[in-house]
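Features as listed in TrEMBL:
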- ASN36, LEU38, GLY63, GLU85, ASP111, ASN141: S-adenosyl-L-methionine binding site (BINDING)
- 43-234: domain 'Ribosomal RNA adenine methylase transferase N-terminal' (DOMAIN)
Amino acid sequence: MAATQKLACFRLPPLPTIKEIIKLYNLRAEKQLSQNFLLDMRLTDKIVRQAACLKDARVCEVGPGPGGLTRSILKAGAADLLVVEKDTRFIPGLQLLSETAPGRMRIAHGDILTYRLERGFPAHIAKTWEDVPPNLHIMGNLPFSVSTPLIIKWLEQMSNRTGCFMFGRTRLTLTFQKEVAERLTASTGSRQRSRLSVMAQYLCTVKNCFTIPGCAFVPKPNVDVGVVHFTPLAQPQIQQPFKLVERIVKNAFQFRRKHCRRGLEMLFPESQRQELTEELLRSADVDPTLRPTEISISEFRALADAYSKLCEENQGLIDYDFREELKLKHQAKRQLGNNLYKLLKLSYNNP
């Protein structure tokens with residue numbers, strides 16, 4: 001009987017179904033915003049279960065839309081739910097839901113890419129980074145158009161311990177296109193291994209929880225969707241600034257089918273390219289014939305440490321951008337061509 005009462009306290013009063021909410025407020029998924037509604041409450045409940053126990057937890061939901069996942073979070077017993085929604089069309093439906101859970105749900109109208117999440121929760125819930133994660137969770141059925149820039153932003157905040165990671169090792173449970181979910185969790189040597197794999201895995205334990213078929217969404221996207229859970233590591237596997245690690249990884253993967261030397265050499269000015277590339281690979285003890293997908297996290301750590309040392313020894317190297325050097329070369333060639341043309345024209349007119 002006691003167990004029944006415990007469950008009952010999380011039960012929401014009767015509400016219109018999500019489908020009825022969509023009809024009631026004349027809501028339509030906007031293609032340009034990559035919106036797809038998940039109407040099956042069994043699936044939203046399953047997403048919530050990946051975040052472990054939410055009883056008495058604080059939760060931030062990103063892009064709640066008509067509120068399907070929101071209901072599942074409230075049913076799971078979240079004590080304080082902050083939803084951040086950019087699209088004003090969804091606010092009335094969310095307000096209706098908040099009235100059924102008085103004191104437990106707050107609505108913020110804003111863009112999650114710029115919203116200051118750290119202002120949404122009290123400082124006293126914070127834990128030290130080495131401690132257990134705080135009882136704070138970030139969740140969301142993310143629009144495809146913002147999912148990758150958003151996770152990159154959060155990974156950088158995780159590395160710097162800013163934003164929602166000021167409270168400690170805040171966990172995230174998010175949806176991505178299946179292909180992106182596979183990249184996030186891809187192991188060394190796998191076909192899906194990418195820049196995103198390395199950037200996520202050096203900072204987090206990343207788990208691809210399950211796949212939701214595209215037909216479960218309205219409108220049906222052309223791809224299936226993966227649910228991914230992130231737990232920040234107490235000790236990141238690479239102890240270098242995020243931007244430095246990102247530069248190494250991005251350069252390595254820009255020629256993913258070639259040997260890693262081809263991408264890594266673009267870290268250096270043309271005048272020193274061969275010398276510094278050889279020194280980087282020698283110091284890091286990394287085989288220059290490896291493909292980027294074959295480089296392990298520990299090898300990326302060695303590359304990041306070696307590159308950091310080279311930047312200390314070579315002033316201005318950290319700011320070098322090969323694209324800028326290439327642009328200047330093209331401008332110089334163009335100017336040379338213009339000058340040559342003028343000379344030829346002058347000699348033709350004055351034989």
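The backbone N, Cα and C atoms fix where each Cβ goes, and this holds for glycine too.
Feature map: annotations from TrEMBL on the structure.
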{"residue": "ASN36", "record": "S-adenosyl-L-methionine binding site", "Cβ contacts under 8 Å, 6 or more apart": "ALA29, ASN141, PRO143, PHE144, PHE217, VAL218, PRO219, LYS220, PRO221"}
{"residue": "LEU38", "record": "S-adenosyl-L-methionine binding site", "Cβ contacts under 8 Å, 6 or more apart": "THR44, GLY68, LEU69, ASN141, ILE212, ALA216, PHE217"}
{"residue": "GLY63", "record": "S-adenosyl-L-methionine binding site", "Cβ contacts under 8 Å, 6 or more apart": "VAL84, GLU85, LYS86, ILE112, GLY140, ASN141, LEU142, PRO143, VAL146"}
{"residue": "ASP111", "record": "S-adenosyl-L-methionine binding site", "Cβ contacts under 8 Å, 6 or more apart": "LYS86"}
Given the binding-site residues GLU85, ASN141, which one is most crowded in terms of C-beta atoms within 10 angstroms?
ASN141
Compute the average pLDDT of the predicted model within the domain 'Ribosomal RNA adenine methylase transferase N-terminal' (43-234).
96
